[in-house]
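Notes follow the structure.
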Amino acid sequence: MGSARHTVAVIGAGKIGELMLSGLLRSGWPAQRLLATARRPVRAEELATRYGVRVVDNLTAVSEAAVLAIAVKPQDAGALLDEIGPKVPADKLVVSLCAGLPTSFFSRRLPEGTPVVRVMTNTPALVDQAMSAISAGAHATGEHLALAEEMFAPLGATLRVPESQQDAVTALSGSGPAYFYLLVEAMIDAGILLGLPRQVAHELIVQTAIGSAVMLRDSGEHPVKLREAVTSPAGTTISAVRELEKHGVRAALLAALEAARDRARELAAQAD
Ligand SMILES: NC(=O)C1=CN([C@@H]2O[C@H](COP(=O)(O)OP(=O)(O)OC[C@H]3O[C@@H](n4cnc5c(N)ncnc54)[C@H](O)[C@@H]3O)[C@@H](O)[C@H]2O)C=CC1
Ligand SMILES: O=C(O)[C@@H]1CCC=N1
């Protein structure tokens, strides 16, 4: 499939589809090489005005685009594939962004030989800090993977993973931003409990989150080492850590991510 600047159609441009469109545009992908589809006319109008891309119906997208990025909810993928599946020429690349759905879900509904790539990205794509994990399905070659990487690299980091890891990836990095936001929200509430004005608590915690994240990425140190460096003997941090352990925060995270992984599997079973 060669290099970039193929026409990419985002089928079902909701939250994630819009992030893809805006990221590709920021990276210099020409607007005339992007198409989007939407169910509601108001949404179509909004996307066309905001991004200057053509919003078309699904079948037009299928015939005009070289790459079809499927960004509908997993629960809507079956109906979408009933509509477009038989009409997709086998030389198109189908890129699924859907949580849970294996590439075989698409392959079974597409003409024999159609390449399918599965990508799990996340919402920090909005600030070019996404984590996108990319897997080849049946008929997807190295070239198809490279093209998918070319589309997602401008949105942040990319990583190739075996498809068998994608449900776990979804639990970790796909849903991951939500866990961090929840932690931040809870810590801001704790600041209120301690008597700080909300705005002050917000500023303290957000900058602390950013600083900690940059250190995690750039210091090369294991998180245990970074935490130990904060934890003074008989100090404040260890008192807080004791409470976190007492309340089972570590076990809660293990159980939470396992539940997210299981939900991804359920979505696939329900869609089939
Ligand atoms: N929100 C997130 O953080 C992430 C979501 N995903 C995946 O991305 C996909 C989309 O998720 P969201 O953007 O959050 O959902 P969303 O509901 O915001 O977007 C889906 C869009 O698809 C449209 N749609 C549904 N059926 C359609 C059809 N037949 N033709 C045209 N448009 C159709 C809907 O109207 C909606 O605008 C899901 O499969 C989800 O698993 C993946 C990674 C992260
Ligand atoms: O909650 C969800 O199902 C989607 C997939 C990963 C993040 N959001």
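Glycine residues also receive a Cβ, built from the backbone N, Cα and C atoms like all the rest.
The domain 'Pyrroline-5-carboxylate reductase catalytic N-terminal' feature in TrEMBL is assigned to 7-100. Positions annotated as NADPH binding site by TrEMBL: Asn58. For Ala71, Val72, Lys73, Pro74, the entry in TrEMBL reads NADP(+) binding site. The domain 'Pyrroline-5-carboxylate reductase dimerisation' annotation in TrEMBL covers 163-267.
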Request  = For Lys73 (NADP(+) binding site) and Asn58 (NADPH binding site), determine the Cα separation and express it in whole Å.
outcome  = 15
Ask   = Can you tell which of Ala71, Val72 has the most other C-beta atoms within 10 Å, given these are the binding-site residues?
value = Ala71
Message = What's the number of neighbouring CB atoms sitting within 10 A of the CB on Asn58 (NADPH binding site)?
response = 19
Ask   = Under the DSSP assignment, what numbers of helix, strand and coil residues are found in the domain 'Pyrroline-5-carboxylate reductase catalytic N-terminal' (7-100)?
value = 47 helix, 18 strand, 29 coil
Inquiry  = If I take the alpha carbons of Val72 (NADP(+) binding site) and the residue listed as 'NADPH binding site', what is the distance between them in whole Å?
reply    = 12
Request  = Please list residues from the chain of Pro74 (NADP(+) binding site) whose Cβ is under 8 angstroms from its Cβ, counting only those at least six apart in sequence.
outcome  = Cys98, Ala99, Gly100, Leu101, Leu267, Ala268, Gln270, Ala271
Key: Check: same-chain CB within 8 A of NADP(+) site center, minus Ala71, Val72, Lys73, Pro74   = Gly12, Gly14, Ile70, Gln75, Asp76, Ala77, Leu80, Leu97, Cys98
Key: Lys73 (NADP(+) binding site), number of other Cβ atoms within 10 Å   = 14
Query = Any idea what the Cα distance is from Ala71 (NADP(+) binding site) over to Asn58 (NADPH binding site), rounded to a whole Å?
reply = 12
